[in-house]
Amino acid sequence: MSQKQTPLKLNTFQGISIVANTMLGAGLLTLPRALTTKANTPDGWITLILEGFIFIFFIYLNTLIQKKHQYPSLFEYLKEGLGKWIGSIIGLLICGYFLGVASFETRAMAEMVKFFLLERTPIQVIILTFICCGIYLMVGGLSDVSRLFPFYLTVTIIILLIVFGISFKIFDINNLRPVLGEGLGPIANSLTVVSISFLGMEVMLFLPEHMKKKKYTFRYASLGFLIPIILYILTYIIVVGALTAPEVKTLIWPTISLFQSFELKGIFIERFESFLLVVWIIQFFTTFVIYGYFAANGLKKTFGLSTKTSMVIIGITVFYFSLWPDDANQVMMYSDYLGYIFVSLFLLPFILFFIVALKRRITTK
């Protein structure tokens with residue numbers, strides 16, 4: 001007779017890796033284009049720094065709420081604050097959002113792979129293979145996921161820093177000037193674009209029940225957030241500094257296009273975009289897996305569905321919605337809507353805090 005296993009609790013580094021890997025999806029490949037197009041200046045790096053400080057502040061407030069009310073996951077917090085029925089409906093909408101992000105990441109990955117690697121392979125085959133591999137990892141639970149994510153994050157950072165360092169051979173600081181040439185207006189207008197690139201930060205709202213030491217919530221959430229932010233800033237500066245802002249606005253995948261623009265002769269591998277493609281297939285995969293896992297977890301908590309049933313629902317839903325956009329441009333438009341939902345979800349605990357605080361005060365009287 002098999003013994004019931006105790007669910008694995010995550011250490012701080014695993015928590016950092018989950019948050020960082022979840023954020024490092026399609027955003028890094030498309031952020032330079034989206035940010036430059038919206039701001040119409042090369043000052044996007046200032047926007048990233050500014051919004052980084054804003055989100056660190058919101059992360060801190062969210063950790064204070066978690067410590068004050070000690071909720072294990074946002075799904076339980078919803079039911080306590082809004083009641084079983086309304087909480088379940090909002091929980092279902094959150095699961096739908098998770099599946100929407102998973103679908104976006106899946107389609108973005110398929111578009112990139114088809115464009116750069118497998119031009120003749122039907123996109124449906126690429127998507128189906130990706131989904132099946134992801135579900136296989138999800139079935140193993142968060143324990144399997146948490147073992148892989150630190151390794152993936154380390155490999156990603158090392159390869160990116162090497163490739164970024166090499167790309168400085170075509171970098172021109174003058175392409176980033178003048179600083180604030182058109183004032184603060186373009187920076188304010190581009191803040192919403194940056195928020196969309198922070199997709200993944202909201203997983204911190206669902207991780208506390210899985211952590212060994214909940215008192216370190218702010219540590220793992222903030223460090224998990226800072227790693228992508230630093231990489232985002234480096235990417236933007238290097239891409240715009242090398243290609244110029246007007247050219248970046250015309251490219252769907254400007255980060256990859258940068259590394260296609262130069263070669264290093266006399267070494268074993270001359271085309272370095274191959275490394276970036278490998279890294280980002282991994283990052284698309286990790287983002288899909290964690291969103292799929294929490295969608296399944298939400299369906300289980302909200303409706304009592306089994307893991308098998310949840311995975312079937314996730315697979316079918318992601319496959320259908322990932323094929324919804326007609327082309328890569330529609331995929332990018334799809335991400336805009338997800339970004340607005342992300343901001344709403346990240347602000348939801350603040351509303352629940354006042355409702356739960358009032359209900360608990362009434363109950364204790």
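Cβ from N, Cα, C; glycine included.
The transmembrane segment annotation in Swiss-Prot covers 12-32 (among others).
Away from its own ends, the transmembrane segment (45-65) comes close to residues 35, 39, 176, 179-180, 187, 190-191, 193-195, 198, 201, 204-205, 217-218, 221-222, 225-226, 229, 232-233, 236-237, 346-347, 349-350, 353 of its chain (Cβ-Cβ under 8 Å, at least six residues beyond either end). The annotation transmembrane segment is assigned in Swiss-Prot to 45-65 (among others).
For the transmembrane segment (85-105), the list of distant contacts is 25-26, 74-75, 78-79, 199, 284, 287-288, 291-292, 294-295, 298-299, 301-303, 314, 317-318, 321-322, 324, 331, 334-335, 338, 341-342, 345: same-chain residues at least six beyond its ends, Cβ to Cβ under 8 Å. Residues or ranges marked as transmembrane segment in Swiss-Prot (evidence: sequence analysis): 85-105 (among others).
The transmembrane segment annotation in Swiss-Prot covers 122-142 (among others). Here the transmembrane segment (122-142) has long-range neighbours at 7-8, 10, 106-107, 109-111, 113-114, 148, 210, 284-285, 288-289, 292-293, 296, 307, 311, 314-315, 318-319, 322-323, meaning same-chain residues at least 6 beyond its ends whose C-beta is under 8 angstroms from one of its own.
Long-range contacts of the transmembrane segment (148-168) within the same chain: residues 13-14, 16-18, 20-21, 24, 137, 227, 231, 234-235, 238, 242, 258-259, 262, 264, 272, 275-276, 278-279, 282-283, 286, each at least 6 residues beyond the stretch ends and with a Cβ under 8 Å from a Cβ of the stretch. Marked as transmembrane segment by Swiss-Prot: 148-168 (among others).
According to Swiss-Prot, the feature transmembrane segment maps to 187-207 (among others).
Marked as transmembrane segment by Swiss-Prot on the basis of sequence analysis: 223-243 (among others).
Residues annotated as transmembrane segment in Swiss-Prot, with sequence analysis given as evidence: 250-270 (among others).
The transmembrane segment feature in Swiss-Prot is assigned to 275-295 (among others).
Per Swiss-Prot, transmembrane segment is recorded for 303-323 (among others), and the stated evidence type is sequence analysis.
Per Swiss-Prot, the feature transmembrane segment maps to 338-358 (among others); the stated evidence is sequence analysis.
Contact between the transmembrane segment (338-358) and the transmembrane segment (223-243) is not supported: fewer than 3 Cβ pairs lie under 8 Å, counting only residues 6 or more apart in sequence. Cβ atoms under 8 Å from those of the transmembrane segment (275-295) belong to residues 18, 21-26, 28-29, 95, 98-99, 101-102, 105-106, 108-109, 112-113, 116-117, 130-131, 133-135, 137-138, 141-142, 145, 148-149, 152, 155-156, 159-160, 162-163, 200, 203, 206, 255-256, 259, 269, 310, 314, 318 of the same chain, restricted to positions at least 6 beyond its ends. Same-chain neighbours of the transmembrane segment (223-243): 15-20, 23-24, 27-28, 31-32, 35-36, 42, 44-45, 48-49, 52, 55-56, 59, 153, 157, 160, 164, 167-168, 170-173, 175-176, 197-198, 200-201, 204, 251, 254-255, 257-258, 261, counting only residues six or more beyond its ends whose CB sits under 8 Å from a CB of the stretch.
Outside the transmembrane segment (12-32), and at least 6 residues removed from its termini, the chain residues within Cβ reach (under 8 Å) are 44, 104-105, 108-109, 112, 145-146, 149-150, 152-153, 156, 193-194, 196-201, 203-204, 207, 211-213, 216, 219-221, 223-225, 227-228, 231-232, 235-236, 239-240, 248, 252-256, 280, 283-284, 286-287, 290-291, 332, 335.
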